[in-house]
Amino acid sequence: TLPLPSDHGELFVGHNHRNGEENNEHHPDPIRAGGWSPLVSDRYQWLEVDLGERTKITAVATQGRYGSSDWLTSYLLMFSDTGHNWKQYRQEDSIGSFPGNSNADSVVQNKLQQPAFARFLRLIPLDWNPNGRIGLRLETYGCPYTSEVVSFDGGSSGLAFRLSPVPRKTSREVVSLKFKALRNSGTLLQAEGRDGLSLSLELERGKLFLLLRRGGTSSSESRRLASLGSLLDDQHWHHVVLEQKNAHLNLTVDKHTEKVQIAAEFNHWDIKQGNVTFSCAEPVSVAVTFTGPQSFLQLPGATASSSGGVSLGFQFRTWNKAGLLLTFDLPQQGGVVWLYLSEARLRLQIHKGGSALNDGQWHSVDVTSRRSRLMISVDKEEGGVAHANPPFPVTAGGQLFFGGCPAEDHSQDCENPFDVFQGCMRLLAVDNQLVDLITVQQRLLGNYSQLQIDMCGIIDRCSPSRCEHGGRCSQSWTVFHCNCSDSGYSGATCHSAVYEQSCEAYKHNGNTSGHFYIDVDGSGPIKPQLVYCNMTEENTWMVMQHNNTELTRLKPSAGVKQHSVHFQYSAQEEQLSAAISQSEHCEQELSYHCRKSRLLNTLGGPGSGRIQTYWGGAHPGSQQCSCGLQGDCVDPQHYCNCDADRMEWTEDSGLLTHKESLPVRSLVLGDIQRPGSEAAYRVGPLRCHGDKNFWNAAFFDKETSYLHFPTFHGELSADISFLFKTTASSGVFLENLGIKDFIRIELSSSTQVLFSFDVGNGPLEVLVESRDPLNDNRWHRVRAERNIKEASLRLDDLPVATQEAPTDGHFHLQLNSQLFIGGTASRQKGFRGCIRSLQLNGVTLDLEERAKITPGVQPGCPGHCSSYGSLCQNQGRCVERTNGFHCDCSLSAYTGVFCQTEVSVSFKPGSSVSYTFKEPYELSRNSSALPSSIYSDMTLRGENVSLSFRTNQSPALLLYVSSYYREHLALLINKNGEQDARLIVLPFFNPLHDKQFLDIDQNAREDFNLTSDGEFNAVKSLVLGRVHESDDLDPDLARLASLGFAGCLSVVQFNTISPLKAALLHPDTSPVVISGPLVQSNCGSAGSANPYAEENTHHLSDQSGSVGSGQPLVNAIRTDSALIGGVIAVAIFVIVTALAITARFLYRRKETYRNQEAKEVKQEDSQDFSFNNQAGSQNISTENPKEFFI
């Protein structure tokens, strides 16, 4: 493009006629003359250029006034076709101002990102040299722009065209047009296809809708295909493109495109014909924009009329819910009238009319007063009218104030107890006469402040919506807001995922088995899905169900040779594919039970949209079942048991483990029509374990080492999350640079993490500080997000830190260099330590693969127990794994993934669990044998006994330990008359006068000593429940031992021995003998109250929990039973010396009171348990049983 010559068009210098001047009246070209400078330098001046015809403007250059100290430092550009209804030009849809000059001589050229098409250009100074005045020389760049126009009157007029009927190689249609609308509704284009189908582009409330109709009338049934644009009735040109190729159609409005699918009937379009005018009407409608808190418009009041009333009218549009529209005095009564918006409703004093008036549309308001009758109408065509009958006539005072009041006016002429109005007004009328706002602009009528006259500067910040993942957008005049509820995402733009990406991640947040929402791609486009996380095994399994996981019998149907079965999963296809790809291993069980029904020699098999020729347990494409691969089919001539075609029932079962074949979408089974043929099938749920992303790590052993990846693209939204551990006090985790922009996350000190970036508005920093040092060689989690509204940084579970972004500024993050991990481009301030699970916008960077080929960086990072070892409870031991850790519960009386699940048993009077220790001669003969956690040394230097119990029985024997030397230890409950039950500990010899009584009361702890002249060696056995061998016991104790125990025993531990755990989980490999009925239960106190023992479910509708913590929000299994009782802890220690034995028993009681109700308790789901739960525990009675922990 070339600079426009001075004779290209007339130059018109517009200014404030009251305060301005033209320096060169006879030489209007500002380039050749000294330049333009108004008499008064303020923001109400402008320079207007008439280019003579519509022009494509591509750039603007400015220069200061010749030989002076007058120049502009920033300015606005406005464009118009008519010299009215100006539109402000914005870069990046947000930047409104342009940089100017720094002296009077240099030329600064600003290229427009998108060309402007207009005849008139207006430059408005914003800032200028503080030591001078406004001074300007101006040049525009562009070329003439011509196009045919057509005007429609809104009635039956129309323009028709038919595309050539000549066949073409491609069925591609393109319709491109520009339009400006005087109304906010109407049909723009209608295309007719075959069979009565039609496409229609319709303007409705300023938005453009693409509708599909069946039938040729507007009342026909329609379906909305797309919606684009907003405020398209602003009387400015808008560009629309419809591009169709086969069944794909792209709709573009201005710069925004939406893709839709349409019916195939639209391979040829026809549009009906009508009468049109080939010119474009340009009605003059002067609007005024109230931009800020100091904006107001003051007009003289109505002239005196015979009716003594008032008649006012105007139109307004806004996004704000509140603001003053109009106020005036009541001179006769000494009062004030306020017409204002409140909660998007129009109010006059306490009277109201209309609703939802903050929708950005034009709304008309008329206020009419005649004598003692006041009428207000809002959009009177729609019937919004309200009446009032004040006891006095309402007449306007000397002045009318629209939008607000003057800031310097302290008199009683204008008072505003409401919010100021931000929006547009037009068609202001007083006494049914339109106000000439151009005269107001020239300061010849009324007064105003901070107004943009002859334009409506409203912007729809929700079109297109910046709210992601289905977040709902709302807005005010200056900002927009995103409602992220029920979306599964959080943040200012609903960008960051609320839920973890896998069951593995939930496990390492301390959760146990339950239903959880997982978001496999984080902030990516895939929605969260509900899965079951099974954490009872060493591997953490993610289970995804479908609609039929039961064994299903096939029924023959007449005339149907093949039976087709389809499976619908709870997750969508993209969710399943991503979960399978992310997991280390996936499997799905297939089972076919048959009698005279062949399997693989009929059409069928598993597959995800593809036909497979193998069955579970075999290799893809092998045309075999599991038995064929192992060579143990019932008929060696066939590769599947069912293909033997025998009359006896047999089956082919196995696991599908090849990810390409998962999940099973359908089965096609055929051979069930012959006489005697029967079959049944089962397809289990999809099960996956492991998370490739969660443990993907790299170790940076030098400050100069780093990994580099392709440029990070996060122009509008960027989220970065990772875990780190280090012993260094500082270092850069991540950096990516652009020409001016950058993004960086670093450990700025041993207690601070800093997130900084620049998108063109200057650097912005967000800092989080920890009280504890971060260089403790433990894993710490960092989550940073940047969007067009704010930047946020979260460190571990500390409060999130945020910084708001400028509302009017650059917001595109433009990077062009490589992404550096663990270092910087300058190789300064590198990071030394481990980085794990690094994700950018939901995409995991494969640190391990890149580290394998990068010197100074090692793949993987061991040492997880320092961070996760605290998850192992109740003496569980953390054991390192290559990817993660697991809890070894062999030395604990508890079980479960974190050694948190109590092992409890309901005893009946005849029940007994006897644990036998090694005999002395066996121990001495095989001294090299190392005892496991199930066995113990015969010579005991001390005892540590703990258990929890609940019972109504008294007296009762809780625990009995005997030795080969007729010594014993007994723990029993005795009730003496009406006194409370007492806990009795019997030492290692028989005389009952040496027994100790422990009162069960509020004492927190009681210590006591026992003395004895014998040693407690050669321990023989430990018995819970009924003692069958009681010949050597005291008669009273023998009688009590023969009664047995009725109640609940839980987490019984004798030193390192857990007899209940051995009996329940390892009965075949443990020296235990079980007698009588024994029912596994979760009757233990902590088991019933412990949230880990229950399944839990996350819900999308509740985001009140801490984001990312993984704590379940709602229990999936609920119990009505509660517990009443106390918890007592007694530690019994006996120290043997050469002279004497001193026994110290440490007794501690914790008491909790709860209501107890009899009900069935559901057993926790575990594959290790070999006992089935039974409804109702035997110790439930009408009384409230007490529960104790010893």
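Just so you know, glycine gets a Cβ as well, placed from its N, Cα and C.
If you look up TrEMBL, you'll see 1-143 marked as domain 'F5/8 type C'. Averaged across the domain 'F5/8 type C' (1-143), pLDDT for the predicted model comes to 79.
Here TrEMBL flags 1-34 (among others) as region 'Disordered'.
The compositional bias 'Basic and acidic residues' annotation in TrEMBL covers 18-30.
Here TrEMBL flags 286-456 (among others) as domain 'Laminin G'.
Packing against the domain 'EGF-like' (458-495) from elsewhere in the chain are residues 207, 228-231, 234, 256, 289, 317-321, 360, 422-424, 517, 519, 523, 525, 527-528, 716-717, 719, 785, 787-790, 792, 807, 1100-1101, 1103, 1107: each is 6 or more residues past its ends and has a CB under 8 Å from a CB in it. Annotated domain 'EGF-like' per TrEMBL: 458-495 (among others), in sequence order.
Feature annotation from TrEMBL assigns domain 'Fibrinogen C-terminal' to 494-546.
Positions annotated as domain 'Laminin G' by TrEMBL: 696-861 (among others).
Neighbour density for CYS834 (disulfide bond): within 10 A of its CB lie 23 other CB atoms from the protein chains shown. According to TrEMBL, the disulfide bond annotation covers CYS834-CYS861.
Look at TrEMBL and you will find 862-900 (among others) tagged as domain 'EGF-like'.
Sequence annotations record features per position, and here TrEMBL assigns region 'Disordered' to 1085-1108 (among others).
Sequence annotations record features per position, and here TrEMBL assigns transmembrane segment to 1122-1147.
Residues or ranges marked as region 'Disordered' by TrEMBL: 1158-1190 (among others).
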Summary of DSSP states over the domain 'Fibrinogen C-terminal' (494-546), given as helix, strand and coil counts: 5 helix, 18 strand, 30 coil
Composition by DSSP (helix, strand, coil) of residues within the domain 'EGF-like' (862-900): 7 helix, 11 strand, 21 coil
For CYS861 (disulfide bond), the number of other Cβ atoms found within 10 Å of its own Cβ: 23
